[in-house]
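Here's the structure, in structure tokens; my notes come after.
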């Protein structure tokens, strides 16, 4: 009950048949949960109901006799207060006490007062008469119950018309109540029951699973945009490498700012012949210090660089913008060489090809985004088991005989249904939009026709080995031919 974290707990005769210390422990447990849970408990121990209950309902013969708080019931139905006075005290009873209900016993007299105010007045008068040995008792739930109980007003005398029991053997021969024999259900049965439970819960808690299905499917459809025009890998230089852009004066986009000096060493007309407007972009400087100061003050505007020629015949000095590797340095060197030579020299710069397929960037983005979606959506499957653990539902499962293995097996099978749906839809999307579909992903021979294992796609552009012959023979000869061709090309490059 308490293990499962229930908000409403039904407690039936919780303290029956236990010793007083154990009863106190049970009371402490119930009082500790007071305010956190609603508890409905039944008891014949009336003091227990008075101690633990906020609201009491008394039933008599299956009908509602009274209901209310303990204080209200005792005030309305408890019969008032009782003052017990021992007869050994000799005092003169006032005349107005004759109207107070009383019960005379052998050694004491009990006066019944209707409420607490009347009891207080009575006790004050009693002490004024010199009586100090008395006892005052208030109404109890037992008094309320006895007053309301119909059985209390009945005649409980024993009757003599009872029929004696003579035939005992007939009663002994009667069969008692036969209880059904319980048995533990099998692992498969527990798994099926827990699986059906998850299906039932899915009808009301479908949003996490809808997100778990839609996120990877939508991501799978969007990432196929990176596969448009995708071609398989080959040994073609154009497809297996990326060419850098050619850098020249004609490809420059930024505003030119070219410090140069001295003015006598700057052929403006010659610079305009290299690139229109280059001569007018020259910022003349008169000395090396002025050149250095200009570059330091305008380093963000100097483009592509600048130079200074020492009139005394010293070594020339030039600077360039360094955020394009050596490209701007070569263009600045070209301007300096043309100025020293007195003749225009046209120079372009292009870096060597990078061994990086042009489509590799799209492929990596496809792997990244689709991988993130496929790794994120299983997290939705952990929401329900986590909520069970937080709400102590799993502990309630185990306490009711559910074993851990069928529990997790049922949950795994249930979640795997959605994994299968996502996988099938993603495969259908990829097959539908991809232009490069491998018809035979696995074949016993691994022949050269298989796109996954074609040697010419891996090592050489030759298709000579695609002709007839054994699959194993053609594959080995193709690979050998490709390796030999690569080695010859490598030797020619070194030479």
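Heads up, residue numbers simply count up from 1 along the chain you see.
Glycine is no exception: its Cβ is also placed from the backbone N, Cα and C atoms.
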TrEMBL feature transmembrane segment, matched against 366-384, 385-403, 442-460, maps to 366-384
Looking at the ranges 318-346, 405-433, which is given as transmembrane segment in TrEMBL?
-> 405-433
Stated TrEMBL location of transmembrane segment, expressed as one of 206-227, 228-249, 250-271 = 206-227
Kindly state the mean pLDDT of the domain 'PI-PLC Y-box' (291-326) in the predicted structure.
-> 83
Distal contacts, the transmembrane segment (405-433) - CB-CB under 8 A, six or more residues away = 187-188, 190-195, 197-199, 209, 212-213, 216-217, 220-221, 224, 227-228, 377-378, 381, 385, 394, 397
